[in-house]
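*Asks:* Structure below; questions to follow.
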Amino acid sequence: MDSIIEDVQIRKILDSRGNPTVEVDVITWNGFGRAAAPSGASTGSREVVSFPEGGVDAILSEAEDIIYSELIGMDAEDIVTIDEILREVDGTENLSAIGGNTTVAVSMAVAKAAASSYNLPLYKYLGGNFVNELPFPLGNMMNGGAHAGINAPDIQEFLVVPVGANNVVEAVFANSSVHKRLKELIQTKDSNFTGGKGDEGGWVPNITNDAALEIQAQACEEVGDELGIEIRPSLDMASSELWDADEGKYVYAQDGIKRDTGDQIEFVKDIIETYNMFYVEDPFDESDFDGFAQLTAKVGDKCLICGDDLFVTNKEILAKGIEMNAANAIIIKPNQIGSLSETYATVKLAKENNVVPVVSHRSGETTDATIAHLAVGLGSPMIKTGAIGGERIAKLNELIRIEEELPNAHMASF
Ligand SMILES: O=C(O)[C@@H](CO)OP(=O)(O)O
Ligand SMILES: [Mg+2]
């Protein structure tokens, strides 16, 4: 009885880009859960729809009424049924009637309310008492593409992973040190650099992709040596944004270069080998399973090749990727699929098939820290959540608190 839902409230709040999103409160007899939904800029075409036409305002009062009447009296522990009801209420395949952001915020708030009803943090409620592994933070250092302005590099995210860190505190401060060092290194390449940042808090320099790759590697090495831990460079290429379907080419505007799929395979392989990349996300367009599979066959033994727009946290699409050996990692963004139970199912399938799940933020975020709990509770060895900035540190600082709470905490293994 502790977790029977007594009230549900939905409100419009700001996200980090200044756009509206939803925050949901779920109140049970003995607990309370609050969750907010983030928003993407480089969204996959097979993601569920965030909000219906008319945006947040269009669903606010209506959704609250409908969801309220469906969920009051239900047990918050019955998350699977609640997620099914939300899908029924919406009635569309891609959640375009009330929006995947609405359903995911309700779903996560319900889970947090269930956990709170038993006085448990969400990570422990989801993962159980034996959970003790913490994810490595994949920190965002420089931004380009859809997360930055004109004249930025074409590659969307220059990331780093402090793979040698012994704990979360060491890891997050290693990332912030690399971020600081990169500012100095950018100034040596771009004398007009203003210190401008992109959507996820990474610097936005006016330099070529090659120059950015070079200083990224240099910053990893220098800071890694100073701290005495290995820090490896990584990328999110967000290649669907570069792909020109009519031309059949990836367009690198900053460099004035176009690459067909064969060139792209060689280009990415070369980057991985030259810079000893730990992780490369979306190296090909979201429809190119074959390109992914070719690259994974070539370099999958030394680098994580991750599908984001490729898989959109969707279990059926991941199943196709597994069959084709398209990737050895998958980005997990609950709002791509619209519910926590479907997110869980995708993570489960990934783990069963040795595909590394990487729980992730979106470029438009709130201070909601639920993904820190999901990464720990679902056993994701990496979390992609930026390196600095209020909405990014909300997750990182929550990981520090979780680490402190766990009796036998240690960093995850791959
Ligand atoms: O492409 C990505 O991985 C994300 C987050 O970094 O960006 P967006 O939320 O814009 O899809
Ligand atoms: Mg991505």
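Yeah, the Cβs are placed from backbone N, Cα and C, and that goes for glycine too.
Sharing the record's features from TrEMBL:
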| type | residues | note |
| --- | --- | --- |
| DOMAIN | 5-126 | domain 'Enolase N-terminal' |
| DOMAIN | 131-414 | domain 'Enolase C-terminal TIM barrel' |
| BINDING | His147, Glu157, Glu281, Asp308, Ser360, His361, Arg362, Ser363, Lys384 | substrate binding site |
| BINDING | Gln156, Lys333, Arg362, Ser363, Lys384 | (2R)-2-phosphoglycerate binding site |
| ACT_SITE | Glu200 | active site, proton donor |
| BINDING | Asp236, Glu281, Asp308 | Mg(2+) binding site |
| ACT_SITE | Lys333 | active site, proton acceptor |
*Asks:* For the recorded substrate site formed by His147, Glu157, Glu281, Asp308, Ser360, His361, Arg362, Ser363, Lys384, which further same-chain residues have Cβ atoms within 8 Å of the site's Cβ center?
*Replies:* Gly40, Ser42, Asn140, Glu200, Asp236, Ile331, Lys333
*Asks:* Binding-site residues Gln156, Asp236, Asp308: which have a Cα within 10 Å of Arg362 (substrate binding site)?
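*Replies:* Qualifying among Gln156, Asp236, Asp308: none.
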*Asks:* Please list, in sequence order, those recorded positions from Glu200, Asp236, Glu281, Asp308, Arg362, Ser363 with the Cβ less than 6 Å from ligand 2.
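*Replies:* List returned for ligand 2: Asp236, Glu281, Asp308.
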*Asks:* Show me the subset of Gln156, Glu281, Ser360 whose Cα is within 10 Å of Asp236 (Mg(2+) binding site); these are the binding-site residues I mean.
*Replies:* Gln156, Glu281
*Asks:* Give me the Cα-Cα distance between the residue listed as 'active site, proton donor' and Ser363 ((2R)-2-phosphoglycerate binding site), rounded to a whole Å.
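*Replies:* About 6 Å separates the two Cα atoms.
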*Asks:* Tell me the residue counts in helix, strand and coil for the domain 'Enolase N-terminal' (5-126), as DSSP assigns them.
*Replies:* 52 helix, 26 strand, 44 coil
*Asks:* Cβ-Cβ under 8 Å from Lys333 ((2R)-2-phosphoglycerate binding site), same chain, 6 or more residues apart: which ones?
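*Replies:* Counting only residues 6 or more apart in sequence, the Cβ neighbours of Lys333 ((2R)-2-phosphoglycerate binding site) under 8 Å are Pro38, Gly40, Asp308, Val312, Thr313, Ser360, His361, Arg362.
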*Asks:* To the nearest Å, how far is the Cα of Gln156 ((2R)-2-phosphoglycerate binding site) from the Cα of His147 (substrate binding site)?
*Replies:* 7
*Asks:* How many Å separate the Cα atoms of Glu281 (substrate binding site) and Ser363 ((2R)-2-phosphoglycerate binding site)?
*Replies:* 15
*Asks:* Among Gln156, Ser360, Ser363, all listed as binding-site residues, which has the most CB atoms within 10 Å of its CB?
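*Replies:* Highest number of other Cβ atoms within 10 Å: Gln156.
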*Asks:* Mean pLDDT, the domain 'Enolase C-terminal TIM barrel' (131-414)?
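*Replies:* So the average pLDDT across the domain 'Enolase C-terminal TIM barrel' (131-414) works out to 97.
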*Asks:* What's the longest C-alpha separation between any two of Gln156, Lys333, Arg362, Ser363, Lys384, the listed (2R)-2-phosphoglycerate-binding residues, in angstrom?
*Replies:* 17
*Asks:* Can you name every residue in this chain, apart from Asp236, Glu281, Asp308, with its Cβ inside 8 Å of the center of the Cβ atoms of the recorded Mg(2+) site?
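*Replies:* My list of surrounding residues reads Gln156, Glu157, Leu235, Met237, Ala238, Val280, Asp282, Cys306, Gly307, Asp309, Ile331, Lys384.
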*Asks:* Cα-Cα, whole number of Å: His147 (substrate binding site) versus Ser363 ((2R)-2-phosphoglycerate binding site)?
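*Replies:* Checking the Cα atoms of His147 (substrate binding site) and Ser363 ((2R)-2-phosphoglycerate binding site) gives a distance of 7 Å.
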*Asks:* Restricting to the same chain and to sequence separations of six or more, state which residues have a Cβ under 8 Å from that of Lys384 (substrate binding site).
*Replies:* Pro137, Leu138, Asn140, Leu159, Asp236, Ile331, Val358, Val359, Ser360, His361
